[in-house]
Amino acid sequence: MSWREHGAAGGWSSLSLKPVPTGWIPSLFQTMVPTGYTKLQEERGLAMADLGPKPDGNGYRPDPPHLEVRRHSDRVARTSVSLSDGGDVRYSETEPMLPEGTLSGEEGDAEEKEEEESQRPPTRNMPKESPLAMALQIVVPFLLAGFGTVSAGMVLDIVQHWDAFKYITEIFILVPALLGLKGNLEMTLASRLSTAVNVGKMDSPIEKWNLIIGNLALKQVQATVVGFLAAVAAVVLGWIPEGKFQMSHAVLLCSASVATAFIASMLYTGINPDNVATPIAASFGDLITLAILAWISQGLYNCLDSHPYVSSLVCAFFLSLTPVWMVISSKHPASRTLLYSGWEPVITAMVISSIGGLILDKTVSDPNLAGIVVYTPVINGIGGNLVAIQSSRISTHLHFHSAPGEVPEEAKGCYYPCRTFYGTGANHRSAQVLLLLVLPGHLIFLYTIHLMKSGHTTLTPIFMTVYLAAALLQVFLLLCIADWMVYSMWRSGKDPDSFSIPYLTALGDLLGTALLALSFQFLWYIGDQDSDVGD
């Protein structure tokens with residue numbers, strides 16, 4: 001059977017049956033229904049008959065009012081599945097995973113009617129975790145992610161002296177946007193797959209692989225398009241305010257951004273559990289993305305004078321592959337829905353990260369603040385990884401215990417920061433654990449940078465105090481924003497796995513870069529300054 005047939009049915013095979021006598025059809029379907037299920041339906045039918053109104057003279061028995069209301073509410077709640085003229089299946093943003101027992105076409109219609117009359121299957125319970133067990137699960141991928149960001153910072157500290165970065169400084173605007181894009185797409189995919197595994201929606205091998213392939217193709221589409229838009233944002237933010245514009249530099253930025261986003265997105269490897277997959281998905285992604293960006297930018301810059309058309313060909317090649325990935329992504333219902341509705345968070349996150357990149361560009365241009373470069377990927381990456389863990393955990397809890405549009409009692413009412421860390425909900429313990437990891441984690445990463453003789457700043461007590469205060473404030477604000485944002489999105493019918501993480505990591509880039517720039521400016525004013533340590 002071809003891939004097209006599998007994808008068009010969301011992982012279910014399309015069978016072609018020869019015509020059979022109509023009298024065989026009821027008996028055929030009767031043999032496909034388990035005996036226990038038929039018995040249960042008969043018992044429930046007798047029970048409902050005793051509760052329902054008496055039939056009228058024509059033998060018609062109207063449904064009781066409360067059943068009509070319930071049936072209407074169930075149908076409204078099930079709006080994640082709608083049938084188009086061609087038997088196509090549509091999924092809403094709150095149902096990114098393939099629901100259990102959901103079929104396509106006429107089978108899906110029959111299944112929907114049966115489920116309206118039957119009881120809902122029992123929900124699986126989330127395993128309970130102690131704070132110690134939670135910390136032990138998080139600390140290893142947290143450290144791996146941190147060392148990945150340290151490596152990215154050291155690479156950025158080296159490549160800032162390359163010709164491409166010195167003469168086309170707008171590349172620095174691309175750095176947070178592309179690093180954030182890579183992390184956003186990977187962590188969003190890892191969070192969706194984590195939720196699918198935890199709620200048992202990837203047990204079928206065909207369903208699992210269709211889901212994975214569709215989402216990977218979707219990620220390539222988003223990476224290519226948003227990478228191009230990031231280059232446009234870099235041109236606007238970097239050159240338009242200064243009144244300087246060079247077409248050759250603009251084409252180079254577009255080519256480097258699109259190629260970097262595409263290649264880096266292709267190198268993804270996913271692991272599923274929430275505490276592991278979300279940070280590991282972006283652990284060494286920053287290092288890989290930054291290395292690819294530096295290599296491609298410098299290569300295109302070297303060809304700028306002798307072969308100026310190379311940049312245009314590179315950009316056109318990667319953009320031409322976008323329709324192919326769109327076709328593959330559209331074969332699975334879940335990724336097809338996100339193909340149309342999943343652009344808002346990644347594009348908005350790219351704009352927010354680009355503003356952080358503009359701050360980085362202006363800060364690096366000041367020789368007195370050159371030391372900020374090596375620490376920017378560290379503070380941004382660590383803050384984004386920690387808040388992504390919290391967001392993924394809250395989202396998984398909501399998928400387990402709440403229907404879309406409904407939030408637990410503790411999340412109702414006005415938000416206040418103490419609720420995040422000392423509330424009665426299920427995730428305040430994880431917020432405490434994540435906040436406690438900030439100081440020891442950043443101390444390890446600071447001394448790693450110091451031992452590697454990288455950076456342009458001496459680790460004085462004043463510097464470490466100011467830096468750690470900025471990092472702690474960043475994560476505190478991000479955890480509070482995550483607690484409010486995830487519940488708000490779930491209440492409004494949006495899936496937090498696809499929407500919250502891009503916003504939160506982009507805000508982490510903006511807050512981290514801004515707080516770091518203020519910290520270095522403050523250190524310069526009070527006299528704690530040296531910009532030649534790494535040289």
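Along the chain as shown, the residues are counted starting at 1.
Cβ atoms here come from the backbone N, Cα and C positions, even for glycine.
Features of the protein shown, as given by TrEMBL:
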| type | residues | note |
| --- | --- | --- |
| COMPBIAS | 63-77 | compositional bias 'Basic and acidic residues' |
| COMPBIAS | 106-117 | compositional bias 'Acidic residues' |
| DOMAIN | 175-295 | domain 'SLC41A/MgtE integral membrane' |
| DOMAIN | 376-518 | domain 'SLC41A/MgtE integral membrane' |
| REGION | 49-128 | region 'Disordered' |
| TRANSMEM | 132-155 | transmembrane segment |
| TRANSMEM | 221-241 | transmembrane segment |
| TRANSMEM | 247-269 | transmembrane segment |
| TRANSMEM | 276-297 | transmembrane segment |
| TRANSMEM | 309-328 | transmembrane segment |
| TRANSMEM | 340-360 | transmembrane segment |
| TRANSMEM | 372-389 | transmembrane segment |
| TRANSMEM | 433-450 | transmembrane segment |
| TRANSMEM | 462-482 | transmembrane segment |
| TRANSMEM | 503-526 | transmembrane segment |
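For the transmembrane segment (433-450), the neighbouring stretch richest in Cβ pairs under 8 Å, chosen from 340-360, 372-389, 462-482, is 462-482. The stretch from 247-269, 309-328, 340-360, 372-389, 462-482 that makes the most Cβ contacts under 8 Å with the transmembrane segment (221-241) is 247-269.
Spatially, the transmembrane segment (372-389) is not adjacent to the transmembrane segment (247-269); fewer than three Cβ-Cβ distances between them are under 8 Å for residues at least 6 apart in sequence. Long-range contacts of the transmembrane segment (503-526) within the same chain: residues 176, 179-180, 183-184, 187, 345, 348-350, 352-353, 355-357, 359-360, 363, 368-369, 371-372, 375-376, 379-380, 383-384, 387-388, 391, 462-463, 466-467, 469-471, 473-474, 477-478, 481-482, 485, each at least 6 residues beyond the stretch ends and with a Cβ under 8 Å from a Cβ of the stretch. Within the domain 'SLC41A/MgtE integral membrane' (376-518), the DSSP-based counts of helix, strand and coil residues read 111 helix, 0 strand, 32 coil.
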